[in-house]
Structure formats: C-alpha cells, structure tokens
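The next block holds one structure in the form of structure tokens; read it before the comments.
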C-alpha cells in the first residue's frame, strides 16, 4: 500500500493553469490574433468595404461573394488536410483543370452528366492518390512530387482537350450553378457541407487524430502503431477529391471546361490555409479557419473590384495579406 | 525453475534463452539468457555498447533475433514487430517518449486506441469518455496534471515522461519496458519518475528497466542483470548487492 507522502502529486512545477485568461490579456496575446487571423481579417474587411462602398453589404453582393467563394472554400479544405500532415499540394489547381476537362469530354461523348461528374471526381482523386503514393512509397519530398504532377496533369489536360475549351450545356450543372435553397445558392451549400464533413472528419474521428499526429511527429506516430504512410496517402486523396468537387462547381459556374490552370486558385488555397491558422509544419489544423480565410480572400477581391481598384492590384493585396498573416503566425503557441 | 526443460520458470513474465543478434559482422550480443519475474522491477545494466538496448529491442519486437527463443507470459512468443508485442501486452516507453506535441494530454494517452461510439457506419470519437478515463489513469498513478485538455507542448520533461509511462501502464499492459527513463531529467524530475515506477510496482505491473545509474537501479529494482561486451555475465538480487559489486560486475574487475 502507498502511504500518503509517497502518494503526493508527482508534478507541481511548470503546470499551466486551466482558468481562462481575461479579455484584455487575450487581446494583448499575439497568439490570439494568430489563431483568429482569418476571422479578424474578414471582419476588418467587411467594416472597411462596408463604410467605403455600401453596395458591398447589399444582400445581392453578399450572395455573389459567397457564390464566388464556394470553389476556393472547397479547395482550401483539401489543402488543409495535406498541410496538416506537414505536406503541400501544388497540383491542386491542375487537378481541377483535369477534372473539368474529363467532365467536359465525357459529357460531350454523350455518356451523361452523372457519369461525367463521377469520372471527373475519380480522376482528381486518383491524382491525389498518386501524389500520396509517390511521396510515401517513393520517399520523394511532397514539394517535388506535387510540382511534378502539377506539370504532368497540366500536360494530360492539354493532350486530352487538344487545347480547346469544351462547352458543357448540362441543365443539371446550370441548375447547380444558378439555383438556390433558402438564402444560399447550391454551390454555397456544397461548400457548407464540405466544411461540416471535413470538420467532423478532423475533430471527431480516429482518422483526424492520426492525421494530426502524423503531421506533428511522424516518428512518434509510427512508434505507436499509426500507419503514417496510409494517413498521408489518404490526405492527398482527400485533396484530390476536393479538387474534383471544385471542378464540378467551376464548370457549372462558367459553362465550359477550360484547358488552362487558374494559378490564383492554387496560391489562394495555400493563402487561405495560412490565414486560417493551420501550421505549415503540420500537426495543427482547423477547417473553419481556412474556410473563413477563403471567404476573406474572396471578399478582398470583391471589395477592391467594387472600389474600382484595378485588377492588377489584387494579387499584390493578396500577397501582402498572406505574408502578414504568416508573420503573425510566428506568435502562435 | 519449472520442471519442463528449455522453458523458463513459471513466475517469469518475459524470458529468453540462447538469444543472439548480429548486425552484419558486428556482434550485438551472443547467447543471452534473461528473465523478468512477474510483478517485479527487473533492471538491465551495463556499459555503453554492452548490448542492453539491442537486447531490449529484440525482446519487444523492434529487432528480430538471429538465434534463440523468447517466452512471454509462459508461451513461446517471437514478435515480428512492436505492434505484435504491444497487442500481446508489452508496452514500451520509448526513449524519445513518442508524444505528439500538438495533441492534448488525453489525446496522447489514447493515441491509436481511441474510444469511439458508433452511429450506424460512423465511428465518432468519444472525447468525454477519453478525458474521464485519462483523468482516472493519471490519478491512479498520482500524476498531477492541471488539465487533460492541455497540449503536451507546454509540459516539462518530467511531466512528459510521466505521461509516456502512464500511457504504457494504463493500457492494461502486463509488462512495461523502459529504456533510460530518467536520462534527460533533472534531480527533482528524476525523483518523481522513480516514485512513479515504484507505484507501478505496487500495482503489480511488471517492469523492465534499462539504466546507467547503479544507485537508481538498486533503489528501484528487485533483480539486476548485468551485461558486458555482448554477454549476460551476472544476475543478482538488488537487496543483496552493493554499488561496488555492480561496478565490478559491469567493468569486469570482479
């Protein structure tokens, strides 16, 4: 039996208190701003644009903003899963293009829009799986692999399409793009569902914990029997799947499959992830953060357009905000 | 010893006979016989390069021995990998502790054995149950942790060691293997971890302890095994030995 003295608490020093810090302490803590960068940025932008251009806050504009943000939100979620494993998916926008091309080709060949959508998502998921397999089995750095698939997938898209845009006149996609349920258009609902599903996957499943463990300390995770390679492959496959969903939304939005990469989609997906407080070193992630980050970047472009600022300034503004967010992120605990 | 030849005594939780391991031309250890008794703290000591860490790694399945037999819990049990050893009931406290900094104390304690509740095809984490059981696991070993929802990153070296040991002991392990558990700790934290190991023993958990520290070994263990230059050269009861005798056995001066 133990005697009370022996049973005394083992550790007394170095313990952090559980009580919540006061509001003023919270506001002075740089880590608070780092965690909530995307929310703070979004609120700031809404206030600034709302005052300088009241049209910004009109229902019609807000609905248009959300519609425009839906694609980026879905892509940012995919990127988040990869970044959480301390990786990066540079092939994301290329996969979107490939998905769109395949959708257009299968639809044009008369196999029906349903099969076209399924094959498009399957193809982008396969690209993600290939990324993951090359990174884990081939032991090649994520940066190199996804840069390679970025180029390879782009080439494949050009070869398949012959470099020509493919018109997609599907009523299903037209309804997806323009229809709405309640206050939001269908694409917004797609994005909201993606956020919900991804949030549950990250925070309420074993996969989510294993994903963060793999991104945090890969040796420790595998020492405890977590199959870290499988987790990484799954993360890249999810990223590819999200690219496929984004491809559907994109084709629905513009009515055709364009054989060109929207590089700003790739850069903005990484930017949204950084703004959302996800650590680029892995192990720390949220879904709401990047989603709001994507919303914020879209609001920035939307507001600047309303203020008649030349489109040439938009990349500059996005770049400045991302670097600023990354600087604040250094204070994240 | 038991009546059956070639099998270890019945009160051994883990035993090996004729165990050898070579890495290419380099001999890690040869023809080692060893056993750890149920409910005891068994120490393995030896100089750097004596082969103790490699021996431990063979016993828990990290390395596969070239020759010899390993018995666990009375049965012949060669482990092909650490996962098999873990499933059989051997938990290892890794030298790097195998903690994930960005996860909470509770998440670390239940890493890869998370509690889930099923809703149809969905298996969702039961975070409440894990937190509750994490608190129970910590308090059973009298580990004072302000909150199980705290990230491990913010904990001290001793607290991290405590969590790692708690995870190993808390999973219903029959045997906990620790390789130099206090090597990187200060005086006070070392005392805390030693108290923790005593508490494990009081709760009848068998422990194998690898250590450099002869005083610590005499304080904590029941039986001491001495390795020198890849061979098991002696075994003594801790209560019947002295520091000088251990030094002599380890250096070969005896």
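Yeah, the Cβs are placed from backbone N, Cα and C, and that goes for glycine too.
Caution: TrEMBL annotation is automatic and unverified by curators.
Here TrEMBL flags A:36-57, A:64-88, A:108-131, A:143-163, A:183-203, A:233-255, A:261-281, A:312-331 as transmembrane segment.
With Cβ pairs under 8 Å as the measure, the transmembrane segment (A:261-281) is packed most heavily against A:64-88, out of A:36-57, A:64-88, A:183-203. For the transmembrane segment (A:143-163), same-chain residues at least 6 beyond its ends with a Cβ under 8 Å from one of its own Cβ atoms are 88-91, 93-95, 97-98, 101-102, 104-105, 127, 130-131, 134-135, 257, 259, 261.
Beyond its flanks by at least six residues, the transmembrane segment (A:64-88) meets 96, 128, 135, 142-143, 146, 184-185, 187-188, 190-191, 194-195, 198, 202, 211-212, 214-215, 218, 231-232, 235-236, 238-243, 245-246, 249-250, 253, 265, 268-270, 272-273, 276, 278-287, 290-291, 293-295, 297-299, 301-302 of its own chain at Cβ-Cβ distances under 8 Å. Residues 78, 89, 91, 94-96, 98-100, 102, 142, 145-146, 149, 153, 166-168, 170, 172-173, 233, 236-241, 243-245, 247-248 of the same chain lie 6 or more positions beyond the ends of the transmembrane segment (A:108-131) yet place their CB under 8 Å from a CB of it.
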